[in-house]
Amino acid sequence: MSIVLFLIVFILLSLIVSRYLYSVALNVPSKIDVVFNPIEKLIYRLIGTNLEHMSGKTYIKHFLLFNGLMGGLSFVLLLIQQWLFLNPNHNLNQSVSLAFNTMASFLTNTNLQHYAGETGLSYLTQMCVITFLMFTSAASGYAVCIAMLRRLTGMTDVIGNFYQDITRFIVRVLIPFALIISLFLISQGTPQTLKGNLVIETLSGVKQTIAYGPMASLESIKHLGTNGGGFLGANSSTPFENPTYWSNYAEALSMMLIPGSLVFLFGRMLKTKQQIHPHAIMIFVAMFVMFIGFLVTCLYFEFAGNPELHHLGIAGGNMEGKETRFGIGLSALFTTITTAFTTGTVNNMHDSLTPLGGMVPMVLMMLNAVFGGEGVGLMNMLIYVMLTVFICSLMIGKTPSYLGMKIEGKEMKLIALSFLVHPLLILVFSALAFIVPGASDALTNPQFHGVSQVLYEFTSSSANNGSGFEGLGDNTVFWNISTGIVMLLARYIPIVLQILIVSSLVNKKTYQQHTQDVPINNLFFSSVLIIFIILLSGLTFLPDLMLGPIGEQLLLHV
């Protein structure tokens, strides 16, 4: 019942926040302008932007330049952190390969971690690299999504100003929301301090080091921005990052909030601030139905437990790798949310999930469109929508058209490329891990689970998720460089292609009613969309899943 109430709250909050995002995205005057306008104007003066509207190419150019500059500065700081201030625990510099991986990870909103935060970063880099990139990567994803939505709902090549979009989103959404969440987490027991690690003497007389630091400020944006990287190595399974039952719900809800709201925002942009277009509701229904299906699957297999233990007379579900304070139910819920919304934070160890329970987060990342991350999740879903409309139109002999825009050969080539980037990166680099000498030494499990570890690592990297089957010994040159390359390519190539797609479509947009268009405003469309998503991704990844989690599940029942 608590999960049902939680999901109802998610839907209601998404509806409410989407109204606020409408004002932020479309520069609608509001009463709070008196607070935020002076801050924004100061930022515009500092960065030297004149707020001129940009064309699609200019928007993407500044998006890439901005991200490149942030990545370069972050890379340098990670290489010299031990010589800088705010390093009370005297943590050392990161190696070149690890610094590259960390930079690529947080720059792309992935937050894959091949280090433990307790020993791998200073407080300065935790705040000025990690937390900073958590804000800017989330805002960058939001900005390009809004640019795409403006194209789909408008009739002009002008899509706004990149710097204005990210500034308004950070100042008006991320910082205020993150501040509220941080204060709540502090009230629940999450530390926020610049003091060094605490050394205590236990009852047995042994000295123990307790790592803490500026955690609450990182935790809030970690979830709100669908980032996922933890201050500590064990992430949100630790009692500092996730102290209570209520903090667990707050963290889960905060990572769902903005991706869910963006779907309704799309509907409002298609219609009005007060009304949501039925097409956006049908997209939300498709996403939500798939989410519920995967959640139920994960719950079922985790509560079913391990048959090998049942043969020994040990009843019960799979509690391995889980916090007793959360149990199986909340752990499965968190697992499904963190991979559906491509956050990557964990409150249990995914490597300890049952084979098919662990396949749920893997498949969600392979789909990469069941809500997805900040902005890019909706962009990926819209590619599936266009594919569905195109195929359905051809099947019934109608001209492929989406929102009054004809989908022709040029657009379909770009749509196909955008769709293929994700599976190609996963499959090619997973194969390389078994071919390159020494790469497979990182595997800690033989047979099927070893394949699952490799597949999960590259799927998480390509989906910009960041969670992992952490039995993999991944802090090596091969794994640092390969996953870093995957994260960068999987982030930027699809975004560029998707903006090119809508830039091409917008030139064909008309407000005339087209009776020959495929209906996209009913539950039948949602059903067909779900079927196409499952079929397209299933045909792509099923052979690899057979060699991984499905094979492992069959092995348990031999």
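Each Cβ is built from the backbone N, Cα and C atoms, and glycine gets one as well.
Packing against the transmembrane segment (1-21) from elsewhere in the chain are residues 173, 249, 252-253, 256-258, 260-265, 267-268, 273, 276, 288, 292, 295, 329, 333: each is 6 or more residues past its ends and has a CB under 8 Å from a CB in it. Feature annotation from Swiss-Prot assigns transmembrane segment to 1-21 (among others).
Listed by sequence, the residues of this chain that lie at least six past the ends of the transmembrane segment (60-80) yet keep a Cβ under 8 A from its Cβ atoms are 54, 93-94, 96, 98-100, 102-104, 106-107, 121, 124-125, 128-129, 132-133, 136, 140, 143-144, 162-163, 166, 492, 495-496, 499. Marked as transmembrane segment by Swiss-Prot: 60-80 (among others).
Per Swiss-Prot, transmembrane segment is recorded for 129-149 (among others), and the stated evidence type is sequence analysis.
Packing against the transmembrane segment (169-189) from elsewhere in the chain are residues 20-21, 24, 32, 36, 39-40, 43, 135-136, 138-139, 142-143, 216-217, 219-221, 223-225, 239-240, 243-244, 246-247, 250-251, 254, 257-258: each is 6 or more residues past its ends and has a CB under 8 Å from a CB in it. Marked as transmembrane segment by Swiss-Prot: 169-189 (among others).
Look at Swiss-Prot and you will find 246-266 (among others) tagged as transmembrane segment, backed by sequence analysis. Non-local neighbours of the transmembrane segment (246-266) in the same chain are 6, 9-11, 13-15, 17-18, 21-22, 25, 138, 142, 145, 149, 152-153, 173, 177, 181, 184-185, 188-190, 219-220, 223-226, 236, 276-277, 280-281, 283-284, 287, 326, 330, 333-334, 337-338, 341, 343, 345, 347, 371-375, 377-378; each lies 6+ residues outside the stretch with a CB under 8 Å from one of its CB atoms.
According to Swiss-Prot, the feature transmembrane segment maps to 281-301 (among others). Long-range contacts of the transmembrane segment (281-301) within the same chain, counting only residues at least 6 positions beyond its ends with a Cβ under 8 Å from a Cβ of the stretch, are 3, 7, 11, 260, 263-264, 266-267, 318, 328-329, 332-333, 335-336, 340, 353-357, 360-361, 363-364, 367, 369-371, 381, 385, 520-523, 525-527, 529-530, 533.
The transmembrane segment annotation in Swiss-Prot covers 326-346 (among others).
Feature annotation from Swiss-Prot assigns transmembrane segment to 353-373 (among others).
Taken from Swiss-Prot, the feature transmembrane segment covers 376-396 (among others). Long-range contacts of the transmembrane segment (376-396) within its own chain (CB-CB distance under 8 A, at least 6 residues past either end) are made by residues 109, 141, 144-145, 148-149, 152, 259, 262-263, 266, 283, 287, 341-342, 368-370, 402, 407, 411-412, 415, 418-419, 464, 491, 494-495, 498, 501, 517-518, 520, 525, 528-529, 532-533, 536.
Listed by sequence, the residues of this chain that lie at least six past the ends of the transmembrane segment (415-435) yet keep a Cβ under 8 A from its Cβ atoms are 366, 368, 383-384, 386-387, 390, 407, 454-455, 457-459, 461-463, 478, 482-483, 485-486, 489-490, 493-494, 497-498, 501, 536-537, 540-541, 544. Positions annotated as transmembrane segment by Swiss-Prot: 415-435 (among others).
Per Swiss-Prot, the feature transmembrane segment maps to 485-505 (among others); the stated evidence is sequence analysis. Same-chain neighbours of the transmembrane segment (485-505): 56-57, 59-60, 63-64, 67, 104-105, 107-110, 112, 144, 147-148, 151-152, 157, 376, 379-380, 382-383, 386, 402, 405-407, 410-411, 414-415, 417-418, 421-422, 425-426, 429, 458, 461-464, counting only residues six or more beyond its ends whose CB sits under 8 Å from a CB of the stretch.
Residues or ranges marked as transmembrane segment by Swiss-Prot: 523-543 (among others).
Under 8 Å from some Cβ of the transmembrane segment (129-149) lie the Cβ atoms of residues 25, 56, 59-60, 63, 66-67, 70, 74, 77-78, 102-103, 106-109, 111, 121, 159-160, 162, 165-166, 169-170, 174-175, 178, 214, 217-218, 221-222, 224-227, 229, 258, 262, 265-266, 269, 373-376, 378-379, 382, 495, 498-499, 502, all in the same chain and six or more residues away from its ends.
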